[in-house]
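A.B. asks: Sending over a structure as structure tokens; questions will come in a sec.
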Amino acid sequence: MTVTERVRPGVDAGRLMEHITALAAIGATPDGGVTRLAFSPEDVEGRAYVARLMAEAGLAVRVDPAGNLIGTRPGIDPGAATLVLGSHIDTVVNGGAYDGAYGVLAAIEVARTLAERGVRLACGLAVVAFCDEEGGHGTMGMLGAHGFAGALPPGIAKVLDERGVPVGDLLAAVGGDAERLPEAAWAPGDIAAYLELHVEQGDVLERRGVPIGVVESIAGRVNVSVTVEGVAGHAGTTSMDHRSDALVAAARVVLAVRAIAAEEGVVLRATTGTCSVGPGMWNVIPGRVRLGVEFRDVSADRLDAALARLAGAAGEIAAADGVTVTVEPGARTTPVACDPRLRDLVAGAARERGLDCHHLPSGAGHDAQIVARVAPIGMIFVPSEGGISHAPGEHTAPHHLVWGADVLLSAVLRFDEAPVARG
Ligand code: HGY
Ligand code: MN
Ligand code: MN
């Protein structure tokens, strides 16, 4: 009997659902969402819960200097590289219960299932809850994954979040250590492959009626700060034709951003997600507005084209409205492809479970795209009802959650039997 046949029954569905429900209660909001921003007391509590589950699954638990919570189990072959599974447990403000948390909890369930059935893998196994994937409170996002991949920007420990707290202090609050960040980095040869299970966060699988997604590529993202400077003035006395209203011009920028994706099709997605108005009083014409814009696409060239288009639109708006508009590109993640051999592996695992799969790109960012710098990556999606995510209405049917975890279990076993991505 092969190892795969011995574990065919799949994971413990009741236990997986219990863990998802319990973690969702930490940071639960009144309208059914979850706020568990990275480094917050809720995150600290959630991490303690997840660490306990890792230990119960027979994993050796530690926090690396970049704040990643890691559970490991050595393989039979001491020289073998490690198969890494993971995702994140931090959320956006009033986000959902599944984004990230599902992938971490399902990976722990897979590790526990293997341990309970006495299955020792040839390769080492690690489950990682990556630190600060979402960039809560204005941190860079995917902070832990960057540390894991040895790709943190120099001086990151001194960078302040939007409340003025240095990243080094944030890390200390979750057991990280800014003085030892280089030690968080895994060398390329240490990782056999990285697999991440995640809710789709879009509606492609649901519309097709397919339970498993095999991710082909992950979109890249560029954040852009746009500052509009006009002239503040008295809202009651300044005539309408003598104003340099920064917010009116900023509104045109918001529309231009949308048009770059929606009408011009330069990139797949374009969003203005933040807006701060100064001085910010009812009776004062806005003198200064800051917008937080992001573009996403699976092509780096198209991200560049969107930046150029925005710079052009900014110049036109500035000239027409008598304001200055400054466009500053910020954090950027590169689009990445999933490893074709791991895509085949996931498709084979779904087939083995009798589940249909569909190959699709990911519009959302994931820790996997940073880990891709040091390891071949593969991602598995399960359907999101209505495609809703980053909102309280995020939901995935329990049977889809369980099937996704079962596919991850099969993928791990198949990988261990034939480590397709090593080499
Ligand atoms: O914003 C994103 O794509 C992700 O959820 N971190
Ligand atoms: Mn998210
Ligand atoms: Mn996520």
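Indices start at 1 and increase along the chain as displayed.
Cβ atoms here come from the backbone N, Cα and C positions, even for glycine.
Take a look at what TrEMBL says about it:
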BINDING   HIS88, ASP99, HIS198  Zn(2+) 1 binding site
BINDING   ASP99, GLU134, HIS390  Zn(2+) 2 binding site
DOMAIN    220-319  domain 'Peptidase M20 dimerisation'
A.B. asks: Given HIS88 (Zn(2+) 1 binding site) and GLU134 (Zn(2+) 2 binding site), what distance in Å do their CA atoms have, once rounded to a whole number?
C.D. replies: 9
A.B. asks: Quick one: give me the count of other CB atoms within 10 A of the CB of HIS88 (Zn(2+) 1 binding site).
C.D. replies: 30
A.B. asks: Please report the DSSP secondary structure of ASP99 (Zn(2+) 1 binding site), reduced to three states.
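C.D. replies: Looking at the DSSP assignment, ASP99 (Zn(2+) 1 binding site) belongs to neither helix nor strand, so coil.
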A.B. asks: Please name the residue among the binding-site residues ASP99, GLU134 whose C-beta has the most neighbouring C-beta atoms within 10 angstroms.
C.D. replies: ASP99
A.B. asks: Could you tell me which of these binding-site residues, HIS198, HIS390, has the greatest number of Cβ atoms within 10 Å of its own Cβ?
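C.D. replies: Checking each of HIS198, HIS390, the winner is HIS198.
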A.B. asks: Cβ within 8 angstroms of the Cβ centroid of ASP99, GLU134, HIS390: which residues besides those meet this for the Zn(2+) 2 site?
C.D. replies: THR91, VAL92, GLY95, GLY96, GLY100, GLU133, GLN201, ALA364, SER389
A.B. asks: Enumerate in sequence order the binding-site residues ASP99, GLU134, HIS390 whose Cβ-atom distance to ligand 3 is under 6 angstroms.
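C.D. replies: Those binding-site residues that pass the cut-off, since their Cβ is under 6 Å from ligand 3, are ASP99.
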A.B. asks: What mean pLDDT does the predicted model reach across the domain 'Peptidase M20 dimerisation' (220-319)?
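C.D. replies: Mean pLDDT across the domain 'Peptidase M20 dimerisation' (220-319) comes out at 97.
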A.B. asks: Taking just the CA atoms, what is the gap between HIS390 (Zn(2+) 2 binding site) and HIS198 (Zn(2+) 1 binding site) in Å?
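C.D. replies: A Cα-Cα distance of 13 Å.
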A.B. asks: Do you know offhand how many angstrom separate HIS198 (Zn(2+) 1 binding site) and GLU134 (Zn(2+) 2 binding site) by C-alpha?
C.D. replies: 14
A.B. asks: Could you check what DSSP calls HIS88 (Zn(2+) 1 binding site) once collapsed to helix, strand or coil?
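C.D. replies: It is in a strand.
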A.B. asks: Which chain neighbours of the Zn(2+) 1 site, leaving out HIS88, ASP99, HIS198, have a Cβ atom within 8 Å of the mean position of the site's Cβ atoms?
C.D. replies: SER87, TYR98, GLY100, ALA101, TYR102, GLY103, GLU133, VAL199, HIS366, ASP367
